[in-house]
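Engineer: Below are the features I grabbed from Swiss-Prot:
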- 269-431: domain 'PCI' (DOMAIN)
- 465-491: region 'Disordered' (REGION)
- S468: phosphoserine (MOD_RES)
- S474: phosphoserine (MOD_RES)
- 476-491: compositional bias 'Polar residues' (COMPBIAS)
- T479: phosphothreonine (MOD_RES)
- S483: phosphoserine (MOD_RES)
Amino acid sequence: MPLPVQVFNLQGAVEPMQIDVDPQEDPQNAPDVNYVVENPSLDLEQYAASYSGLMRIERLQFIADHCPTLRVEALKMALSFVQRTFNVDMYEEIHRKLSEATRSSLRELQNAPDAIPESGVEPPALDTAWVEATRKKALLKLEKLDTDLKNYKGNSIKESIRRGHDDLGDHYLDCGDLSNALKCYSRARDYCTSAKHVINMCLNVIKVSVYLQNWSHVLSYVSKAESTPEIAEQRGERDSQTQAILTKLKCAAGLAELAARKYKQAAKCLLLASFDHCDFPELLSPSNVAIYGGLCALATFDRQELQRNVISSSSFKLFLELEPQVRDIIFKFYESKYASCLKMLDEMKDNLLLDMYLAPHVRTLYTQIRNRALIQYFSPYVSADMHRMAAAFNTTVAALEDELTQLILEGLISARVDSHSKILYARDVDQRSTTFEKSLLMGKEFQRRAKAMMLRAAVLRNQIHVKSPPREGSQGELTPANSQSRMSTNM
């Protein structure tokens, strides 16, 4: 339950009721990590093709953990992709999961009398030859890169040392050793000789920090990259390379803000991404930008912001073309067709729950979108029939009454519920007296500012300088300046 909860009555507002619960520990905000998705409509091959490197493998593993129907297929794909790397430990882990999933599928087939046995159900055997060969190759490459780096340091050539650290970081990342990869990429900072090198170092650190889910580190290095002269000093039209870098930084920042549950800030970052320069498969796909940005904007933007920043955005329109369902949801919401909008949201919920970065926020975002729809629906009315309102939101009157009561308690709707007649009444606010109160407060503020300006002008005109009082312990000491001033006053 959000904090604080405010209770209103007709005579006036009473003190808000405080509940001693940390919002982070609130079960409503806590993500459910043990959920199962039964009916996804996900094209796994197309989905995996949108990513590269470790991100592709991690996303496939996440799908396997939460979707029984896609588990075996996702693990088989992850197993084939991991064999293109030096990550032997992950290969063995995925193979173990695949063996367990396959045995489970076989047991289900044996228990079902009408089931037709599938070909290729047996898991592939553990490729021990590949494991041993890959371990040796990884060790030899590590020794070579380490020797090269020592030679570069002996020659004291900064550019070679920087590249040596980057190569070592790339190798550690390929082996799945994220902590050592982060150390190597960070050490390259001391050997950067241009803004381009600093940006490259920041992007490498950001990438590994996302894999480690160290979101404060991500935002810190996004800020460092944006403050480099190559990015900060360019105004107006940017060249293609700079725009591509800026898009990567905004995507990473949007992902970090999403993880921190700062949905409005996440939407603002993602809306600044350029479609023509969105090429960051190590972290996000353009479809992710459309979904994350669209849902966060729906949950936090008012109608004017939604129209100005999303619907009228020429760049974000191109992202939405990749996800027509999200585009239609945004337009239905803006056109106040809330029943259709919420129905379409429910239809795509299963697929969203298979996204490793969005899944923990789906319930919260859906609740905020629904609450914003209820608030916008009621805002123009003095009273509203809850039967018609329930029909508009495709729900029951009893469920709607509970939702409205919660919104009133949270102070999001200024209204009262007539439970007998099932009518929602807006609280009677005297607009005339409210306007007079605002006018009086504004007048007092103008008076205060005018008096302050007149006082400052008088002080400057009369050349009055107010000296700060002497520091403690320095009263008995004489400096040349105050010694001379004391002598002049004595004379």
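We count from 1, first residue shown onward.
Including glycine, each Cβ sits where the backbone N, Cα and C put it.
Each of these features: where is it, how hidden is it, and who are its neighbours?
Structural biologist: The average pLDDT the prediction assigns to the domain 'PCI' (269-431) is 88.
Under the DSSP three-state reduction, S468 (phosphoserine) is assigned to coil, being neither helix nor strand.
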Engineer: What are the sequence-distant neighbours of S468 (phosphoserine), meaning same chain, six or more residues apart, C-beta distance under 8 angstroms?
Structural biologist: none
